[in-house]
Each structure stands twice: as C-alpha cells, then as structure tokens.
C-alpha cells in the first residue's frame, strides 16, 4: 500500500480474493457459446482465444517467478543483496490482477469494436505499425508519466507502493495501485487500438505485443543480470534500445534515475541515466565474490503438492503455512507428473540462500517425496543423492550439513553415520539435530509432570528423551510395542530401569508422540491431554478437546535474512530444530559430528541457541 493511498488505489475486485476469476465467467460463457453455435466462417477466433491466452500468461508469469528464484538462490550475478521478506511477498500476491484486467478489456474491445472481430492470424503491416507506435509515443509518454509519478504528490499516493520493493522480482513489475495500472493500460493500448481501427490488427500482433511487454517487464525486474555483453558488442546502438535488469535496479535503489520503460533512449536524451549504470552492468554480469557457504540444510519434498509449496513454486503458497487452495487441487495432475520426473531425472538443487551475522547458509532439496523414503528399493538411490550432496558441500568448503526430515534414519543411513564411515577424511560436520530437538521437547513438558506416555515410532530421539526423562526421575510409559519396551529397558542403566513401564493404560496427561501416531490412539486419550510431538512433522489429525504442541522448532532472530517462505506446517520465521541445530553448530564452531550415536549435550546446545537469539516456538493451544 502507498504511504498515503489516493483514490482508486485498491483494485475493484480486491475483496473477492481468488473468487475474482468469477468475473470472467460471463465473458467466457458468451465466447464459447458464440464459437460453438456459429458457422465455421463466422467464428471469432480472437474472442475464443482470450481465455487460453489468459491461462498462457498465468503460466508464463509463474515460470518467470520460478526461474528468477532459482537463479537468485544459486547465481553469483545477483544485483541487490538485501533481504527479501514476507511483507513483500504479501504485497505482490495480486500479480494476476493485471492479467485478469487484460482479459476483460480484450473481451470488451472485441465486443465494442466491429474491427476487432474475426481478426486474422497475421498482418505484417499491423505488426510493424505496432512496433513503431511502441518505440515512439508509448516509450516517450511513459517516460514523462513515470517522472511525474516520482513527484512527491503522486509518489506518496500511488507509486511508493511499487517502490516498497527494493529487491525486485519479475512480478514486482506489475504491482501497482489500480489507478496507476489503468494508465499503463491506456499507454499500451496506443499500439493496439489504432492498428485494429485501421484494419491492420491481427491475433499475433495483439498477443505478441502483450507477451513482449510481459517479457521486458519481467526480465527488467529480475534481481540478477541475464543480458549477455556480446549483444551490445555486435550492435552497440542496442544500449539505447533495450534496458537490462541492472539498469532498472538502479531505479529501485536510487529512485531518481533511469525512468525509461524498456528503451533507455530517453534517459540519455534528458540526462537522467545514472552514471553508474554501465559499471553496475559489468559488475553484475561478472558476478560478485560470494562469501563461502558455511551451513547447508538438506531437506526433501513432503506431500504430493509440496513441490508447489517450495520457494521455487507458488510464492504466495510458499509464504503461508497450512495452506491447500483450489488452485493446488486444479494442478494436482501436474503434481503426479512431477513425482515421476523427479524420480527419473531429479538431482539435488539449491532452494534458498540465507545470511545470519555475515554467515552464508543454504537449503538444498533432495528430489524425493516422504512416501518414497518408505520404499526399501529406493534407499540406495536416496543414499547416493544424500552422499553426493555431502561431498559437493565438502568441496565448497561448507562447515556443517544438517539432515532434515527423513534424510536421517536408522534404517536409511544410521542417522548419517554411514557417510562418515565411507568418507572418514571429510572435514564437514554432519548434524542430525537430536540434542536441540530433545531440548525443545523437554522444555515443552509442563512443570510438575511426573509421568509421560511415549507413543509412536521409536527412534534415536525417542531413546534419548527416555534416557533424560529417567535421569530426571520422570516415569516413561511405553505401551504400544513390547519389543520396543524391552529394547529401551536393555539400553538404560540399572538404576533407571524402574522409571520405564510397559502398560496398557492411557491415563497419562502428557503424551510424547512420534511418527505413525494413529488417530485411534489419540481417541483413547482423556480430555485435555497434552500432546507433544518429537517427530519432525505434526500429527495429520487432531482432537479439538486436547492440547497440541508444535513439533520441535525455533523462532529465528531478526538478523536472519532472506527468509520469505516457510514449512507448510510451521509459521513464518520459524524453522525446525533440526535446521536450527546445524546453524548453531556452525556458529559455535564445534568440531564434532552429531550423527550415529553421538548427541550434543542438551544444556550446551540449548544455551548456545538462546545466546544467538533463537527462541523456542510453542504452538501449545487448544485446537
């Protein structure tokens, strides 16, 4: 929102949310009815193709979003290194408004102008005419309108909304108040309407021009340089005819320079081209010297639709937890296709790059879904992917790699120990996060608790929790599997064995729950029971009359930069204990692994986490 919102700031349909697409329904129905009922020679192809063109632009825009985020996570050609935040993602969530408006105007023009009906596919004269009108009147008028928008009166009421994004993304280009965007539509109509009225319009001319506008807009707002230098060497005048991402980034950082739309020609004429434009382009193209990445968190895909929840997927979805929208259901067939493609061709990729206290860290994704970790036949391939990621991080000089979700496990890799055994000379430290996760679980148990029920799949963390609870003289009840009880009994020292019981009673008021917790087991709990997960993912179903704590997680300090997406089960700026453990391990410079049977001291890792500004996250509330 602008600092002092003016009239017509909000889009007319902003209260409708995603239901705004319903506005297109009458037009689409009318278009399809005409196309079906009319004779072949009377059909209006331009009118019928408006909806497919809208869908194509939505897909095209999303591809730009994904490509840009992929490059900024891995490329050294980033232009602005400042942090991208959740506020910007929220502000730019309505990037599809201008696509809807375009479709509505295309339907209206087609209905109101007889010359716009039954346009041919191609008209060379009209396409040349469109190009000339854009290069002349559109670029000229846009330049002066843009300069007017930077006058304090219009800037505070409209254009400041766009400039709130210092670190630009492709969709930043179309984030404007409605009144400002409508003027842009009038400008972009200059090449289209006259060519149609003169009888020189064509489907390729209209749609091609809009795709050109989209391409230049999106390209210019990428936060990495992508225009190769050889283009300007081959044709030097191109410098005045096509801008670059670095050219426009100056406008977003200095505000009073580089006003041109796509052609810098007018900035050079009126002396508003910043003096650092050329040098910034050269530096951005060469790439900046990045600090060495110190920490890598290795995660993987979770549910079938989780690929769209990644930072590289739908930006608005990745920034909100617990979301399952209609559009995710619509693209579900693509979800299953992605499962197949990632299984056949997938390699580990960089998802996110963060910075904390001048230390660089990244998140990498193993292209496997949670259910694939259950298949014994796929264990070898998964282990090879994880080991390759560890060795790649070792070559990069990474100090710590933390294993998230199912990338650690006794059956899979003995909680990471297998990689150390195979590569004993590695300097990188492998962290499974058991110590910090245990600390968070133990600090979530209500004061005065004398007995807890341990239920769910047994793992390293469950055993360690049992050990510490028995040391603290808190009775642990194991009631699901007798063999697991016997295993725990054998592992505990003699003096602690009296604090672990095998029972068929569900009367404990505090339940420590792991993976594979069944809803039928939850239903046996008394009203008001406190469920505390020690698993990385929360229970899929919950009771409304009980209290559920969060999975072990921590709120990151304010200095943690570029965090603008979240896990689909954790709130914003909250990360899992397993990810936080790797960061703390690196910050403290600990020279030991935390994998296999090794566990970092609870008190040691807890004090270190609090010292560095991490705070325990508690979701304990009645649901």
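One-based numbering along the chain as shown.
Positions of Cβ are set from backbone N, Cα and C atoms, glycine also.
Copied from TrEMBL, the annotated features are:
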type: TRANSMEM; residues: 45-65; note: transmembrane segment
type: TRANSMEM; residues: 127-145; note: transmembrane segment
type: DOMAIN; residues: 138-272; note: domain 'Fatty acid hydroxylase'
type: TRANSMEM; residues: 182-212; note: transmembrane segment
type: TRANSMEM; residues: 326-351; note: transmembrane segment
type: DOMAIN; residues: 452-616; note: domain 'Very-long-chain aldehyde decarbonylase CER1-like C-terminal'
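Packing against the transmembrane segment (182-212) from elsewhere in the chain are residues 8, 45-46, 49, 53, 57, 60, 98, 101-102, 105-106, 109, 113, 115-116, 119-123, 125-127, 129-131, 133-134, 137-138, 141-142, 145, 176: each is 6 or more residues past its ends and has a CB under 8 Å from a CB in it. Beyond the ends of the transmembrane segment (127-145), by six or more residues, the same chain brings 183-184, 187-188, 190-192, 194-195, 198, 200, 202, 204-205, 208-209, 259-263, 265-267, 270 to within a C-beta distance below 8 angstroms of the stretch.
According to DSSP, the domain 'Fatty acid hydroxylase' (138-272) comprises 88 helix, 1 strand, 46 coil. In the predicted structure, the domain 'Very-long-chain aldehyde decarbonylase CER1-like C-terminal' (452-616) carries a mean pLDDT of 88.
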